[in-house]
Every structure is written in C-alpha cells, then in structure tokens.
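Enquirer: One structure coming up, written as structure tokens, with questions to follow.
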Amino acid sequence: MEITNVTEYDAIARQKLPKMVYDYYASGAEDQWTLQENRNAFSRILFRPRILIDVSKIDMTTTVLGFKISMPIMIAPTAMQKMAHPEGEYATARAASAAGTIMTLSSWATSSVEEVASTGPGIRFFQLYVYKDRNVVAQLVRRAERAGFKAIALTVDTPRLGRREADIKNRFTLPPFLTLKNFEGLDLGKMDKADDSGLASYVAGQIDRSLSWKDVKWLQTITKLPILVKGVLTAEDARLSIQAGAAGIIVSNHGARQLDYVPATIMALEEVVKAAQGRVPVFLDGGVRRGTDVFKALALGASGIFIGRPVVFSLAAEGEAGVRKVLQMLREEFELTMALSGCRSLKEITRDHILTDWDISRPQPVARL
C-alpha cells in the first residue's frame, strides 16, 4: 500500500507492534477526550485564502533560538523509541538531520545523549524530567551540553503520571532487553513490573513532585543552554515562564496523556501567544497530522510545531525511511497550503488567513455603504 498521508502509519504500527507497545504510544489519559480533541479542534479552523499572488517561490525556512532550520516542523520528545524499531532514536536523529530540522530527545530515551550525538551532525534539543536526586539532573544536563545539544525542553506537566488506563490493563513496562539509556549505571534505568503501570510506579518513585518556578531558575544556574518550558496551557503560566527566564514556551498537553479535559493545544495557543507578547517564541505540540495543521498553528502565532506520535508510528512501520517520509509529507502539504493561501514566506502567514469557530461568536463589524 502506498502511504499518502501521515495518519496511515498509525494503522500499520497497530498491526506491527505488540499490543502493550502500540497502546503505550497511542493512548491518552482516562476518557481520552483531550486525545480526540487535539485532532478535532483543527477541523474547527477554516482558511481565508488570498488569490492572485505570485507563489512561484515559497520559503519555509525559519530560525529557532538562533538555529536555522528548513521548515517550522520539528520532532517532539517521545520516550523509548527502540520499542518501535531496533534503531529507535538513532533513526529519528538521522531523519531529522536529513530534513534539516530539530529533533528533541526524551529523558526516557532508549539511546543515550552520547549515542544520539554519534549519529552525525544535527540540531538537537534535550527534554528533561526533573528527578528527586538533583545530582542526577545536573549530571544529565551537563552530558547533554557536552554531547552538543542546543536547548533544554523542561517538561513541567508531569509531577505525577496521568492515568493511562491502557497501560494499567497491559501492566506496561519497558521490554527486558531495553533500558532508559540516559540513566544506566545510576540504578535508574530499569523499570520494574508493577500491579498497574510500571511507568507510573517508576515516575512515583523518581520524579520530583515539588518542582516549582524556582527550579526553572535553578536550572539556569547549572547550564548555559536556553530553556523551553514545555506544558504551558494558560496565559498566567506563559507570563510566569517569561518571568522565570524561559527562552521559549511549548504549548503542550503531553499528547493528551496527563490531565484529561484540558483544551486541545491549538485551542490554548492563541491565549499563550497573546500573553507572551512576542517576548519569547511560542511553539505548539500536539495533534498535528497535516500541513494544513502547521499553517493553522502559525496563523495563530506559533513560531513552529513539534510532532510526536507520527514519528513513532512511522518508525515502527518503516524505520528511518518512515520518519523521513513523515517529515517530507508534512513539508510538502505545508508548502501547498502556503501556496493555496497566497503566502510566500512564514511572515506572510497571518491571523487574517484563518477563521475560527470562536471568531464567529464575536460581533462582526457592519459594512458602511
């Protein structure tokens, strides 16, 4: 079967992967309302395309924290990628580098920061969970820095793990031939079987529930790397992130895996962008499956987007070639959307290019004749 869009990889991954692994990647928290909403919300945003504009040349390049990339489509951190494919994070790193974009490596990767760095050149960010043992955190951040990673994406929405019922039913745990590579040798790389989700038990034992804004400041004392705060959904927290010295904000609901019934990230985006007032870039993570979704996010003020599940599903289906294809398909769809909307560069994508269902409820100006 010829793959013609990103979503088709989901069905292939479902067939190829063990149920426990597929469910881990695919499922959300509790009723999975937010999981559906992350996708559905995009369908409530329509285009206002402009016509008769010369779109023979289209420039999708942008810079993120000063690093030039080929398009505003980047790779989000997704844990334990070797469950999807033996090459795991190696394949993803090579695919991102070939596409000229950024890969974010998860703290809970099945390949270490050093191993990913060894795959060759590329712009890489490191996603960080803060462990109770701060020496472990400081050591890990220093290793990421030494390995050439360019920023820290601090995940702030996980003081406890969301209730993922598929993982409870499946008694999810990391397969015995894999470890959380960044923590090997620290007795933190293993995940034991538990009566419910092995990952939930691991998080309860290791992750610091007392994480607060002062820790964002503390991180800046141990690294020169810019810090992106990942997991912001409100204007209030956007303002506090900037006050705490964040270099950027990632609007994320953790792939709908933490608190169910939070808004879709595309619905929360504009509120956060308005609060940021251009002081730091705001990125969107969650629900992007089409180039049209990328355009909608940029029209609402995002500086770029991150994709997660499409990466692990395409990795499961076709390894590195699958991840390359996902990035290429999204790139081509996004370029086409720009052309058909009358935009030749990212700065030409404006709020006027879209109409949202919440715009319709506002009183429209009356035309005077």
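Don't overthink the numbers, they just go from 1 along the chain as shown.
The backbone N, Cα and C atoms fix where each Cβ goes, and this holds for glycine too.
The active site, proton acceptor feature in TrEMBL is assigned to His254. Here TrEMBL flags Tyr24, Tyr129, Arg164, His254, Arg257 as glyoxylate binding site. Residues or ranges marked as FMN binding site in TrEMBL: 77-79, Ser106, Gln127, Thr155, Lys230, Ser252, 285-289, 308-309. If you look up TrEMBL, you'll see 1-359 marked as domain 'FMN hydroxy acid dehydrogenase'.
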Enquirer: Could you check which of these binding-site residues, Tyr24, Ala79, Gln127, Arg164, Arg289, sit within 10 Å of the residue listed as 'active site, proton acceptor', going Cα to Cα?
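Expert: Checking Cα-Cα distances against the residue listed as 'active site, proton acceptor', none of the binding-site residues falls within 10 Å.
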Enquirer: Express in Å, rounded to the nearest integer, the largest CA to CA distance found among the glyoxylate-binding residues Tyr24, Tyr129, Arg164, His254, Arg257 named in the record.
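Expert: Among the residues the record ties to glyoxylate, max Cα distance equals 18 Å.
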Enquirer: Can you tell me how many other Cβ atoms are located within 10 Å of the Cβ belonging to Gln127 (FMN binding site)?
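Expert: The Cβ of Gln127 (FMN binding site) has 24 Cβ neighbours within 10 Å.
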Enquirer: May I ask which residues of the same chain, at least 6 positions away in sequence, place their Cβ under 8 angstroms from the Cβ of Pro77 (FMN binding site)?
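Expert: Non-local contacts for Pro77 (FMN binding site): Thr104, Leu105, Ser106, Ser107, Gln127, Ala153, Thr155, Gly308.
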Enquirer: Same-chain residues six or more away whose CB lies under 8 A from the CB of Asp285 (FMN binding site)?
Expert: Ala76, Lys230, Ile250, Val251, Ser252, Gly255, Thr265, Ile305, Phe306, Gly308
Enquirer: Give me the Cα-Cα distance between Arg164 (glyoxylate binding site) and Arg309 (FMN binding site), rounded to a whole Å.
Expert: 16
Enquirer: Pick out which of the recorded positions Arg164, Lys230, His254, Arg257 has the most other Cβ atoms within 10 Å of its own Cβ.
Expert: Lys230
